[in-house]
Amino acid sequence: MAFPYLETVVGFMIVMYIFETYLDLRQLAAHKLLTLPRSLQGVISQEKFEKARAYSLDKSYFSFVHDFVTIVLDSAILWYGVLPWFWKVSGNFLVSIGLNAENEIIHTLGFLGGMMIWSQITDLPFSLYSTFVIEARHGFNKQTIWLYIRDLFKGILLAVVLGPPIISAMILIVQKGGPYLAIYLWGFMFALSLVMMTIYPILIAPLFNKFTPLPEGSLREKIEKLAASLKFPLKKLFVVDGSTRSSHSNCKKDEEIVAVIAHELGHWKLNHTMYTFIAMQILTFLQFGGYTLVRNSTDLFRSFGFDSQPVLIGLMIFQHIIIPVQHLVSFGLNLISRSFEFQADAFAKKLGYAGPLRAGLVKLQEENLSAMNTDPWYSAYHYSHPPLVERLSALDEVDADSKKEE
């Protein structure tokens with residue numbers, strides 16, 4: 001008897017939805033609290049707290065609806081065999097317009113094109129409501145509908161330009177990879193990540209935001225002095241202007257900006273960026289290694305309704321069957337990330353930026369109306385950065401330790 005892959009995957013998806021909804025309900029209860037955490041009383045104004053509370057509640061209610069619709073659609077698509085049906089439909093469509101559906105690359109690109117259209121249609125109402133209702137209601141949205149549409153089409157155009165060569169290369173690698181398939185796939189993704197890190201700030205990011213060189217002045221001098229003291233290879237400094245889309249803000253005072261940069265440079269100095277990159281490469285390699293073990297499993301494909309074994313479909317199915325592992329890995333990475341944040345805060349403190357960093361963190365929390373009350377279970381599971389209360393408390397501990405040493 002074949003293993004019930006489909007039933008197991010859908011069952012786990014529903015179990016995780018129930019678990020995460022429970023965490024969301026706990027966080028909702030935290031949002032409803034009428035008072036600030038004790039450590040933030042006198043630090044955050046009551047006016048900002050009320051606004052942040054209202055914003056958090058709106059986002060929370062919206063999230064309940066969005067998550068419910070998502071789990072219903074995703075489960076139905078798998079359970080009722082929508083993917084294999086659409087694979088056949090896309091093949092028939094390609095034949096009808098004179099293309100060769102027997103060519104796996106052409107068939108895959110046609111399938112992905114249809115899936116992208118479906119994704120845009122189902123996500124658009126939620127995106128519009130989030131941007132033009134919730135964000136606008138709380139004073140953050142600065143986009144016009146035309147700017148929104150322009151950004152939407154820019155994203156689609158990027159997917160159309162970058163997607164086909166990447167997908168085609170991966171299919172060819174799987175078809176020709178042989179026993180070293182996992183190594184070839186990892187090598188390709190490693191090279192691709194380096195290319196994307198290089199071209200993103202130069203070609204892609206400027207399509208959506210305006211980048212201007214930081215002008216000469218005291219702020220630039222302070223940042224350059226800080227970078228030089230840490231031997232950071234600073235080449236260029238830019239100001240990113242996203243004000244045409246959102247009024248979510250960063251720090252504005254020079255000392256607060258420099259303190260936050262000191263925190264970020266702490267990640268570099270303490271090798272957090274390198275450790276994270278290495279960890280992601282190891283996980284990617286293990287993922288491809290696992291894929292090579294199951295990609296020829298006829299039972300696996302048949303469980304999801306496929307008679308053939310297309311490369312892309314195999315990758316999609318594999319992503320579904322390792323969902324339990326992905327959740328555990330994500331939780332572990334969040335733990336590590338929060339630890340890195342505390343270390344970077346302590347690094348900035350040692351450089352003498354405790355006061356400005358504290359002020360900058362509070363200002364960011366206030367101006368962006370971030371959640372003031374957080375449920376410990378929810379934040380432990382979801383947050384890659386510690387809540388403000390924990391970060392300020394950790395800075396206080398660093399202060400206390402410093403005084404003991406003195």
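Including glycine, each Cβ sits where the backbone N, Cα and C put it.
TrEMBL labels come from automatic prediction, so no person has curated them.
Annotation comment: TrEMBL describes 6-23 (among others) as transmembrane segment.
TrEMBL lists 33-210 with the feature domain 'CAAX prenyl protease 1 N-terminal'. Taken together, the residues in the domain 'CAAX prenyl protease 1 N-terminal' (33-210) have a mean pLDDT of 94 on the 0 to 100 scale.
Taken from TrEMBL, the feature transmembrane segment applies to 61-86 (among others). With a cut-off of 8 Å between Cβ atoms, the residues of this chain six or more beyond the transmembrane segment (61-86) that come close are 6, 9-10, 13-14, 17, 20-21, 24, 111, 114-115, 122, 126, 129-130, 134, 304-307, 313, 316, 320.
The transmembrane segment annotation in TrEMBL covers 155-175 (among others). Beyond the transmembrane segment (155-175), the same-chain residues lying 6 or more positions past its ends with a Cβ under 8 Å from any Cβ of the stretch are 104-105, 108-109, 112, 116, 120, 181, 184-185, 188, 192, 204, 207, 295, 311-312, 314-315.
The transmembrane segment annotation in TrEMBL covers 181-203 (among others).
Residues or ranges marked as domain 'Peptidase M48' by TrEMBL: 250-397.
Same-chain residues at least 6 positions away in sequence with a Cβ under 8 Å from that of His263 (Zn(2+) binding site) are, in sequence order, Ala344, Asp345, Phe347, Ala348, Tyr353, Leu357. Per TrEMBL, Zn(2+) binding site is recorded for His263, His267, Glu341.
According to TrEMBL, the active site annotation covers Glu264. Around Glu264 (active site), taking its Cβ as the centre, 15 other Cβ atoms fall within 10 Å, counting all chains.
Taken from TrEMBL, the feature transmembrane segment applies to 273-291 (among others).
All protein chains shown were included, and the count of other CB atoms within 10 Å of the CB of Asp345 (active site, proton donor) stands at 25. Annotation source TrEMBL lists active site, proton donor at Asp345.
Listed in sequence order, Thr273, Phe340, Ala344 are the same-chain residues six or more apart from His267 (Zn(2+) binding site) with CB atoms under 8 A from its CB. Taking a C-beta cut-off of under 8 angstroms and a sequence separation of 6 or more, Glu341 (Zn(2+) binding site) has the following same-chain neighbours: His385, Pro386, Arg391. Those same-chain residues not listed among His263, His267, Glu341 yet with C-beta within 8 angstroms of the centroid of the Zn(2+) site C-beta atoms are Glu264, Gly266, His272, Phe340, Gln343, Ala344, Asp345, Phe347, Ala348.
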